[in-house]
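These notes concern the structure reproduced below.
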Amino acid sequence: MKNTFDPLRIGDKSFSSRLMLGTGKYRTSEDAINSIKKSECDIVTVAIRRLPTNINSDNISFLKSLDWEKLWLLPNTAGSQTAEDAIRMAFLGHELACQLGQEDNFFVKLEVISDPKYLLPDPIGTLKAAEFLVKKGFTVLPYINADPMLALHLEDLGCATVMPLGSPIGSGQGLNNLANLQIIIENANIPVIVDAGIGAPSEATMAMELGADGVLLNTAVAQSKNPEQMAFAMNLGVQSGRLGYLAGRMEKKQYANPSSPVSQISKIY
């Protein structure tokens, strides 16, 4: 069940789900479609480089099966090795959004990755592309390493979110840099979406308990034994973590503290 009373706001849009789901690596298109439905996500990200921009192509027939009146497309620039390449992908992403009936959609998940082995984002290329796209009116969601200073620079440029990685893309290693993620979250005045590396619902919960505003994942669902079930589990994990964060964790204590009252108890002799 979505929490409509605690919306995620990105740019001028509000979303009831704080889970974003990718569309790659699924065994079948049916798995992708059913997982998206089961996750109850509002935002679906699509790698533009890996798709033709013609919505009538058979290669992206699964996109036509999704309800774009309920879902919001987040085109991503995955595969871009330079800022210039990412900028071109962003404009192609907007064209695809228009073909899906979302003419007002200028969202882009900005990825500039020049390293083919470790797939770590290029901070210089990301800054360069972000500055250009923000000036062109795009709602930019940059994928970055867990670098607190870079996050602040991107916020200053006008990015709508920052998306620090939990661990390398597709690794399933979970949250490897909790300290830096916490610093980014504490200092940001824009939403922080933890992106990449999450492999289990408990890790999605942990990200939300830290205070992240949302989680984006793909491989953890797509490559699980039961993608639909994992999508539902991730949905619950994100909601649980968010509610726990809002409720506030109890203070840790050095010594044990009884949970039952110890005063005003009659002694029985």
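Glycine is treated like the rest: Cβ placed from N, Cα and C.
Per Swiss-Prot, the candidate among Gly170, Gly241, Gly244 that belongs to the 1-deoxy-D-xylulose 5-phosphate site alongside Ala196, Gly197, Asn218, Thr219 is Gly170. For the pair Ala196 (1-deoxy-D-xylulose 5-phosphate binding site) and Lys109 (active site, schiff-base intermediate with DXP), the Cα-Cα distance reads 13 Å. The Cα atom of Lys109 (active site, schiff-base intermediate with DXP) lies nearest to that of Asn218, taking the binding-site residues Gly197, Asn218, Thr219 as the candidates.
When the binding-site residues Gly170, Gly197 are compared by the number of other CB atoms within 10 angstroms of each CB, Gly170 has the fewest.
Counting other CB atoms no more than 10 Å from each candidate's CB, the binding-site residues Asn218, Thr219 peak at Asn218. Other than the site residues Gly170, Ala196, Gly197, Asn218, Thr219, same-chain residues with C-beta atoms no more than 8 angstroms from the centre of those residues' C-beta atoms, the 1-deoxy-D-xylulose 5-phosphate site, are Gly22, Pro168, Ile169, Ser171, Gly172, Ile198, Gly199, Leu217, Ala220.
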